[in-house]
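Q: Sharing a structure below in structure tokens format, with a few things to ask.
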Amino acid sequence: MASCYSLILLALTVVGCASGQLSPGFYNRVCPQALPTISRMVAAAVRSEARMGASLLRLHFHDCFVN
């Protein structure tokens, strides 16, 4: 029984110490051209395929807002 409590305590400690969140400005430091490149590529995709904007909006909604 004591080993079970020890395992739970260890798991809670590890979960509390772990952080994997990205900050909004993460790519500004690591890859400064990421946002302009992504914006340029999305704009080109929307220009070439009229439904791409709606498809990306739907993808963003299902991947980001539902969670």
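Backbone N, Cα and C atoms are what each Cβ position is placed from, and that goes for glycine too.
What TrEMBL records for 21-67 is domain 'Plant heme peroxidase family profile'. Among the features that TrEMBL reports, site 'Transition state stabilizer' is placed at Arg58. Residues annotated as active site, proton acceptor in TrEMBL: His62. According to TrEMBL, the feature Ca(2+) binding site maps to Asp63, Val66.
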Q: Counting each residue once, how many in the domain 'Plant heme peroxidase family profile' (21-67) are helix, strand and coil under DSSP?
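A: The composition, in the requested order, is 34 helix, 0 strand, 13 coil.
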Q: Taking 10 A as the limit, how many CB atoms besides its own sit near the CB of His62 (active site, proton acceptor)?
A: 10
Q: Around Asp63 (Ca(2+) binding site), how many other C-beta atoms are within 10 angstroms of its C-beta?
A: 9
